[in-house]
Amino acid sequence: MANVTVIGAQWGDEGKGKIVDWLAERADVVVRFQGGHNAGHTLVVSGKTYKLSLLPSGIVRGTLSVIGNGVVFDPWHFRDEVAKLKAQGVEINPDNLHIAETCPLILPIHRDLDGLREDASGAGKIGTTRRGIGPAYEDKVGRRAIRICDLAHLDDLDMQLDRLCAHHDALRAGFGEPPVDRDALKAELAEIADVILPYAKPVWLTLNEARKRGRRILFEGAQGVLLDVDHGTYPFVTSSNTIAGTASSGSGLGPSAAGFVLGIVKAYTTRVGSGPFPSELEDETGQRLGERGHEFGTVTGRKRRCGWFDAVLVRQSAAVSGITGVALTKLDVLDGFDEIKICTGYRIGDQTYDYLPPHPQDQAKVEPIYETIEGWSESTFGARSWAELPAQAIKYIRRVEELIQCPVALVSTSPEREDTILVRDPFAD
Ligand code: GDP
Ligand code: IMO
Ligand code: MG
């Protein structure tokens, strides 16, 4: 297995960006294959922080970076993110960044609709990032999307825009909003086309060629398995498949290309946005986890909800996503707790579950069954070898492995790139 597929195994923000950046040293290509700029991936390299939403994390090292067809692409955000990273000294050009010509575009009308729906949803709101992700995927599946390749055929765009606008005008009317200004939208697209088109390539071809030449491909997932539109806590999910299988459909490589599936797992649990969260702690302990872990969203700045590690959910994620091994991140955040709890099952009344039932009402009702483990007082912050870990921390890791039925391949002990312990090299597997 020369390739590695990195995915989040919880509700996102597990530390995928840090691990992808660390692994990118060994990779020839880094590929984003789903989601869009709803993601927020943070990298810290020698004290300097980089925040990426749409660009693959490999770009910071200058590794060939690819945005696959499964990504929904906001061209204006792209322009701004490229400018921001360039200002930080990151080199980005059409040689080291390729974007699939078939990516559907996120347009201002998608952002509008995302916000209008959230505002109208009251208590039932999903708590989206309001970046137009859901509406853009709807138009893709509805066969109405404007894609990057359409930017090279502006003369042919009128009929497509008419169809798209007719659909959105009906939706907007329901919210009391004026119709789409079609000519203004066309003019905006014409203006941004020159920024995007130099990067637009048949990436499926580049990736297949790279694979034939034995190049190492690193797939970078966004969000997490519990936000997957099929396997997550529906309807409180994102609008794409976030599981490892999407690396294939979202890039144009066959399913065997996924290689080692590395699930990124935080040593506790967080969630941003609405939806069930069985092991959530709405008390001082939750607050302590949030403060120690600096749990604020990269994209929206929202406070992340925090709770104990939920082994039931991660075991389920590992199963549905075919996770080969996990990277356990933010272990240092648990330093100094007298006791640490792990959720090992659920209860509703007299009934126990070893998986999360699918109905949102049951998901909201389940009570976690905990086992308690003694904590450790020593610091693991910045540890770079197994030998530096306190015995109790190792016990915790071993218990997590047992419960999720998956081995730990990497441990992360701070935001810094090099504060990472390699247990089993995913590229060598
Ligand atoms: P992603 O969306 O999965 O890439 O994760 P985010 O970047 O949104 O959130 C993870 C946060 O935790 C970022 O601020 C990282 O810098 C930070 N982080 C990653 N790994 C560790 C770790 O092992 N320890 C600590 N303390 N912070 C970490
Ligand atoms: P990374 O890649 C955490 C959540 C939103 C909301 C739901 C739907 O940084 O881990 P959307 O805008 O996608 O329609 O919102 O999904 N969400 C994330 N939560 N990390 C992310 O990405 C997320 N991307 C979306 O908060 O609950
Ligand atoms: Mg994030």
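Numbers run from 1 along the shown chain.
Placed from the backbone N, Cα and C atoms, the Cβ positions cover glycine too.
What TrEMBL says about a protein is an automatic prediction, not a curated fact.
According to TrEMBL, the protein carries these features:
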BINDING   12-18, 40-42, Arg304, 330-332, 412-414  GTP binding site
BINDING   Asp13, Glu14, Gly15, Lys16, Asn38, Ala39, Gly40, His41, Thr129, Arg143, Gln223, Thr238, Arg302  IMP binding site
BINDING   Asp13, Gly40  Mg(2+) binding site
ACT_SITE  Asp13  active site, proton acceptor
ACT_SITE  His41  active site, proton donor
ACT_SITE  Lys140  active site
BINDING   Thr298, Val299, Thr300, Gly301, Arg302, Lys303, Arg304  substrate binding site
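All chains included, 9 other C-beta atoms sit within 10 angstroms of the C-beta of Gly301 (substrate binding site). With a CB cut-off of under 6 A applied against ligand 1, none of the binding-site residues Asn38, Arg302, Arg304 are retained. For Gly12 (GTP binding site), the binding-site residues whose C-alpha atoms fall inside a 10 Å radius of its own C-alpha are Gly40, Gln223, out of Gly40, Gln223, Gly301, Arg302.
With a cut-off of under 6 Å between the Cβ and any atom of ligand 3, the binding-site residues Lys18, Asn38, Thr42, Thr300, Arg302, Lys303 reduce to an empty set. In this structure, the binding-site residues Asn38, Thr129, Gln223, Thr300, Thr413 were compared by how many other Cβ atoms lie within 10 Å of their Cβ, and the smallest count belongs to Thr300. Neighbour counts of Cβ atoms within 10 Å were compared across the binding-site residues Val299, Leu331; the minimum falls on Val299. The Cβ neighbour count for Lys140 (active site), using a 10 Å radius and every protein chain shown, is 21. Gly12, Asp13, Gly40, Thr129, Gln223 are the binding-site residues among Gly12, Asp13, Gly40, Thr129, Gln223, Leu331 whose C-beta comes within less than 6 Å of an atom of ligand 2, given in sequence order. Fewest Cβ neighbours within 10 Å among the binding-site residues Gly15, Gly40: this applies to Gly40. Val299 (substrate binding site) has its Cα within 10 Å of the Cα of none of the binding-site residues Gly15, Lys18, Gln223, Leu331, Thr413. Most Cβ neighbours within 10 Å among the binding-site residues Lys18, Lys303, Arg304: this distinction goes to Lys18.
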